[in-house]
Amino acid sequence: MARLLLVCLGGALGSGARYLTSAWALRAFGPDFPRGTLLVNVSGSFLLAGIMTASLQSEAFPPDLRLFLAAGVMGGFTTYSSFNYETLALLEQGRLAAAAGYLLATVLGCLAAAVAATLLVRWLAG
């Protein structure tokens, strides 16, 4: 039960952070392209890869902290379902190039962010 509460609390924090990040991006860039979700998913991929790499490299990283951060906070922060819906919305608006760009930017950006975080954490760990 304690682990479930850790995930739920982390999820609440991550969801709040996603809302604030997306709201900021909407104010900063406008509604013409889903920059907020792209920012959330790419930065979330970076953070999740960093968390997982650090937790697997160090015995001092408590499993409950990994659960709270990875499944909870990052699970609440990132949003695959919004990414899919927004891609579909762009397609339905006839914005094929924007949909393709969003799809590629998300998939490649998230992968690049995960690789960068993994390499950074390994480098910092020595």
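All residue numbers here begin at 1 and follow the chain in the order shown.
Placement of Cβ uses the backbone N, Cα and C atoms for every residue, glycine included.
Model, not experiment: these values are computed from the prediction.
Per Swiss-Prot, these features apply:
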| type | residues | note |
| --- | --- | --- |
| TRANSMEM | 4-24 | transmembrane segment |
| TRANSMEM | 36-56 | transmembrane segment |
| TRANSMEM | 67-85 | transmembrane segment |
| BINDING | G75, T78 | Na(+) binding site |
| TRANSMEM | 101-121 | transmembrane segment |
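Segment contact holds for the transmembrane segment (4-24) and the transmembrane segment (67-85), given three or more CB pairs below 8 angstroms at sequence separation of 6 or more. Within the same chain, residues 33-34, 37-38, 41-50, 53-54, 57, 83, 86-87, 90 sit at least 6 positions outside the transmembrane segment (101-121) and bring their C-beta atoms closer than 8 Å to a C-beta of that stretch. Look at the binding-site residues G75, T78 and count other Cβ atoms within 10 Å of each Cβ; G75 has the fewest. Taken residue by residue with DSSP, G75 (Na(+) binding site) is part of a helix.
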